[in-house]
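A short worksheet on the structure shown next.
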Ligand code: UT7
């Protein structure tokens with residue numbers, strides 16, 4: 001689905017006004033996984049680009065990371081509060097209620113609208129589109145959009161194919177009402193899904209399907225499972241298609257893109273997507289070596305780190321593209337604004 005472009009220059013738009021992130025202190029290098037699983041540092045680096053990932057300490061929850069990232073994004077925006085808080089996550093603190101109201105309360109914003117967005121690794125792009133919708137519909141002037149995960153809580157410690165990829169973390173942006181055409185204005189968006197392929201990425205147990213089946217969960221069914229090879233192919237195809245669609249809608253060519261900040265699924269996936277779009281590898285920001293695949297947190301975490309390192313500079317044109325379980329995918333573009341550090 002390509003969103004209809006109604007926001008020509010001068011019209012209302014959602015504008016990025018702040019960015020921040022939060023990583024748990026503990027890092028797990030590949031060697032630590034290789035000590036307990038049938039894998040190696042060389043395999044993980046060559047097949048995924050990952051050297052280490054951050055893992056939340058016992059006693060931590062997704063909301064803790066979300067609050068850390070959200071507070072930094074608010075500080076960077078210069079605004080103490082917003083009208084709505086959206087948290088994109090696959091790993092909410094509890095199945096019920098959503099994590100966002102607690103995050104809003106802990107950030108001193110009891111009373112703000114707050115809800116979670118569930119689209120696995122595409123969650124942040126879906127949340128950006130939802131937040132932009134709230135702003136364009138005049139429901140909110142400012143929205144805090146957070147991607148936060150403690151993905152380690154979903155992993156089967158004995159499954160080498162997933163344990164080596166995923167990490168924990170959070171990233172956030174503040175969106176404010178502004179005008180299309182100004183630096184930071186988001187859009188257009190491209191969003192899509194393919195529920196026929198839902199089984200490729202799933203947590204089999206714990207939902208209504210399993211509970212109402214009358215069959216108790218088999219051991220391990222509470223963990224995240226992924227058909228890696230097939231997902232790889234879908235990820236390349238869908239992110240490439242979505243990125244191309246959004247560029248066409250924006251009237252940009254690959255030459256116009258200074259940086260692609262894609263979902264950090266696997267460095268080989270990013271390289272294939274870049275090739276498919278016609279972007280040289282040096283224009284693809286990558287932080288996967290240090291943080292792994294942090295699912296819904298991956299894009300805002302990458303944006304904050306790229307901004308902090310001076311890689312993203314004001315006036316540069318940025319393409320965001322993501323793919324995840326569902327299956328889901330989504331892309332958007334913006335010109336990077338001048339922001340305070342978080
Ligand atoms: O975040 C959005 C959703 N997720 C993704 O986009 C991730 C998509 N998938 C991937 O990133 C990759 O498919 C993986 C990293 C999961 C796997 O890499 P691959 O290159 O596709 O490996 P493979 O599954 O084709 O396996 C190749 C070999 C197999 O051995 P045989 O059958 O050739 O003997 C696997 O058993 O590598 C083996 N293998 C491993 N070996 C060492 C699989 N995982 C590991 C491992 N260490 N961790």
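Yeah, the Cβs are placed from backbone N, Cα and C, and that goes for glycine too.
No curator has checked TrEMBL annotations; they are predicted automatically.
Going by TrEMBL, these are the annotated features:
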| type | residues | note |
| --- | --- | --- |
| DOMAIN | 116-195 | domain 'Beta-ketoacyl-[acyl-carrier-protein] synthase III N-terminal' |
| ACT_SITE | 121 | active site |
| DOMAIN | 247-336 | domain 'Beta-ketoacyl-[acyl-carrier-protein] synthase III C-terminal' |
| ACT_SITE | 263 | active site |
| REGION | 264-268 | region 'ACP-binding' |
| ACT_SITE | 293 | active site |
Excluding the flanking five residues on each side, which residues at least 6 beyond the ends of the region 'ACP-binding' (264-268) place their CB within less than 8 Å of a CB in that stretch? 47-50, 121, 165, 232, 235, 286-289, 291-294, 298, 302, 323
Long-range neighbours only, meaning 6 or more apart in sequence with Cβ under 8 Å: which ones does residue 293 (active site) have? 48, 50, 121, 151, 165, 166, 167, 263, 264, 265, 266
DSSP-derived helix, strand and coil totals, residue by residue, for the domain 'Beta-ketoacyl-[acyl-carrier-protein] synthase III N-terminal' (116-195): 26 helix, 30 strand, 24 coil
Averaging pLDDT over all residues of the domain 'Beta-ketoacyl-[acyl-carrier-protein] synthase III N-terminal' (116-195) gives 97
Collapsed DSSP category at residue 293 (active site): strand
Count the other Cβ atoms sitting within 10 Å of the Cβ of residue 121 (active site), across every protein chain shown. 33
